[in-house]
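> Right, I'll just put the structure down here and ask away after.
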């Protein structure tokens, strides 16, 4: 795969430091460098998204803990909210949780809408400069939100406006990083590579949670300013070092073949050589290819089912992202109500599970060569995991931690797989002749549709939580069921093909060679 443009500028650091160019540095070195830079880029994006969930319990009304039925019935919840005046206006009133949900909706709606346009634009301009623009802008917006603390701002329109602009800017990130990584790596072991790489989402959430929780004692504004500065700093690194495509620094056909032959065993050489030759043949026709249209990309096989599956999967994942610290803060664990800081840090266990889930889902999908089967398996197993977490998570810190880790693993596994390996597969499928110009567009469609669900999830949780957290978990379980339902036909197709061709057994044996 290669990139979508022929008029890109070379990264300044690569131009200024000759030793970073071939033949001084190998193809393998630059692949690792691309993975690291894009990993840091998107991890910083997610780190800057985490503060709103951490500061919810500070901005919103503080709920007195005087009964074991906290948040379990709407009557007591209404009276508790109405009688408490702490927090930060306008989020500290009886409608505080709904306003916080609307704040999430503002960001995620803009993000999902922007995603469609970002992918379309990303297929046509310099991905490095486009990504840097998104990072710098979102960093400034995150800092601007935090400045509301020192400026003593209490206007809902201000916070909503900042979130809308920030959502639009952050939507630039995902299509860009997926397209860049897709340019550097072929389909072989893509699930495992992207599963490991996609842990940036959870790593970013963990970093953001730790920073935002640690800064709360200094004032909630710092919980936004520091992650915002982090995005800007990483954006500078992206501008200096990111190389969008192997061709940009002179890796030609012979260099690719030499590097690949030097890094693989004799058994793997033939397979990899055939794969790379096919890719290089596609490269020769790149300049004559037009970027794929938006509606045309929707009609590609598998795009719609996976997009709607991600709608519900991401609804669940982002509800946890934005509401888990709040839930932990207002749910007694072993009879103890945790502090805002402790609840924020404990919530990172879910993201640690997500890291493992993304890697495991990618590995399994590579071994059995069935993305839909892997996704549905994880989705169905996550239903009992959520039931167990809700029912027994409050018994002790150990059970809470273990069940939260398991829930994160199973919830984020298919979410990670679909947004990376599946999107890359669908964006470079043979039906479109290997046209890598479709990659950012297909990625944007899939993740953009998922982001619509991500926008609705936190908003719905804000309203549904007034009926009790059991209702919220029922909503999440129902969403998981619908996510699996959209992939049923693809699962049947994959199973039928594999059984007819006898490929599952051969794939497993080949992977052990």
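Glycine is no exception: its Cβ is also placed from the backbone N, Cα and C atoms.
Sequence annotations record features per position, and here TrEMBL assigns domain 'Major facilitator superfamily (MFS) profile' to 36-496. Residues or ranges marked as transmembrane segment by TrEMBL: 28-47, 129-151, 157-185, 197-216, 222-244, 303-324, 344-365, 372-392, 404-426, 438-460, 472-491.
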> What same-chain residues lie close to the transmembrane segment (472-491): Cβ under 8 Å, and 6 or more beyond its ends?
302, 305-306, 308-313, 315-316, 319, 323, 327, 370, 372-373, 375-376, 379-380, 382-383, 386-387, 390, 411, 414, 453, 457, 460-461, 464-465
> Find the member of 129-151, 157-185, 197-216, 222-244, 303-324 that has more C-beta pairs under 8 Å to the transmembrane segment (438-460) than any other listed stretch.
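Comparing 129-151, 157-185, 197-216, 222-244, 303-324: 303-324 has the most Cβ pairs near the transmembrane segment (438-460).
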> Using a Cβ cut-off of under 8 Å, list the residues of the same chain at least 6 residues beyond the transmembrane segment (344-365) that approach it.
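Beyond its ends, the transmembrane segment (344-365) has Cβ neighbours at 53-54, 191-196, 198-199, 201-203, 205-206, 209-210, 212-213, 216, 317, 320, 324-325, 328, 338, 371, 373-375, 378, 400-401, 404-417, 420-421.
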> Can you see whether the transmembrane segment (222-244) and the transmembrane segment (372-392) are touching - at least 3 CB pairs under 8 angstroms, only pairs 6 or more apart in sequence?
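These two segments do not touch.
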> So which of 28-47, 129-151, 157-185, 197-216, 372-392 is most in touch with the transmembrane segment (303-324), counting Cβ pairs under 8 Å?
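Selected stretch: 372-392, with the most Cβ pairs under 8 Å.
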> Would you call the transmembrane segment (28-47) and the transmembrane segment (372-392) in contact, using three or more Cβ pairs under 8 Å, pairs 6 or more apart in sequence?
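With fewer than 3 qualifying Cβ pairs, these stretches do not touch.
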> Pop the mean pLDDT for the domain 'Major facilitator superfamily (MFS) profile' (36-496) in here, whole number is fine.
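Computed over the domain 'Major facilitator superfamily (MFS) profile' (36-496), the mean pLDDT is 80 on the 0 to 100 scale.
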